[in-house]
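Annotated in TrEMBL:
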- 1-25: signal peptide (SIGNAL)
- 48-162: domain 'DOMON' (DOMAIN)
- 177-369: domain 'Cytochrome b561' (DOMAIN)
- His209, His245, His278, His314: heme b binding site (BINDING)
- 210-228: transmembrane segment (TRANSMEM)
- 240-261: transmembrane segment (TRANSMEM)
- 281-298: transmembrane segment (TRANSMEM)
- 310-333: transmembrane segment (TRANSMEM)
- 345-369: transmembrane segment (TRANSMEM)
Amino acid sequence: MAFSSQLLATFLLLTTLSLFSPSQSATCTSQTFTGNRLYTFCNDLPSLNSYLHWAYDSAQSTLSIAFIAAPARPDGWISWAINPTATGMVGSQALIAFRDSRGGMTVKTYNVSSYGALTESKVWYQVKESSAVFSGGVIRLFATIVLPEKGRTTVNQVWQVGPSVTGGVPDKHEFQPDNLNSKGSLDLLRGQSTAVAGGNSRTKKRNIHGVLNVVSWGIMFPVGIIIARYLRTFPSADPAWFYLHVFCQVSAYAIGVAGWGTGLKLGSQSKGVTYSHHRNIGIALFALATVQIFALLLRPKKDHKYRFYWNIYHHGFGYTIVVLGIINVFKGFDILKPEAKWRNAYIIVIAVLGGIAVLLEAITWIVVLRRKKSSESTKPYDGFNNGHSRQERLAP
């Protein structure tokens, strides 16, 4: 049983590591525009299935761009921005395109100074002209801007898509890996764009966090409980089942703490991004599992008068950890949004473990009932007949 759990853990560890974002094939070179719009360069941006075309006049410090992306929903928005002081969203000077209250497309400028609500404002650069077109589920944002620093040929770019607009104000975008990685540098003269290294690093950390927690809370803890509940039924497995149970649960706890720690680190590095339910369940799991580990030090002997109460606490905490762990694994899938096959793989693993538990439950009950029947049939004669309270008279 322990060997099979290690195989399952290894399988999930290896396969889930391949969740890193796949490369995107180049398609911007096939895109054309009406209105005699021509651009010198184009790049397929590395996230959000978006594309940037641009032409730069260094003498006039004029940059013409066409940014193409699909909003998160039909009534959503898209944005392209330059951040003159940093590489992230805060401080970016954004052009945001969306449908206005009259149904037409509009482009507005925003100085994104915080993670709070947006307010239309002037930006670092001058906007000579801007427009947007919505067609085929895609928004095309066109603009010509004048950069205030002549001779500056490399800029930090940030792009984004959002789900909705309320009262003429773009609502918050999602905080999935693609949304968090939508930033990089743009070389205006060489026609090159590069992603910020921190984005890929953060995605890897998120995936490692997910793998550690799937293996620990989602697989090893349930396997450890299966070992303790069913193998102890067989005398030949004693005390091996106990040591297997302890090994499995202590290993799961160590891996789970590592996953919990990476989650805390990710949270501290993602200001303004909070997954309250996922975080709270994770904290609860850490607290419950820590108490369970201390149960090893406080375990009374089998004949101790407090052993009955210790068993209630130990079993209750254990089953609670398994239920919360599986729930939080699925909440993690909802946050990471990996390919469906990895979610399905975990469902299959849990289904297999559930099937094994049901089978062992049936076998255990059969063994217990047979033992009970056997013990009753071999019970010594005590001088009473078929349960009558009066002793039979002996024949002369």
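Just so you know, glycine gets a Cβ as well, placed from its N, Cα and C.
Just so you know, TrEMBL annotations never went through curation; they're auto-generated.
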Distal contacts, the transmembrane segment (281-298) - CB-CB under 8 A, six or more residues away: 213, 217, 221, 246, 249-250, 252-253, 256-257, 260, 263, 310, 313-314, 317-318, 320-321, 324-325, 327-328, 331
Long-range Cβ environment of His209 (heme b binding site), under 8 Å and at least 6 residues apart: Gly259, Thr262, Gly263, Leu266, Gly332
Leading contact stretch, 210-228, 240-261, 310-333 vs the transmembrane segment (345-369) - CB distance under 8 Å: 210-228
Largest separation between Cα atoms (Å) of residues that the record links to heme b, namely His209, His245, His278, His314: 27
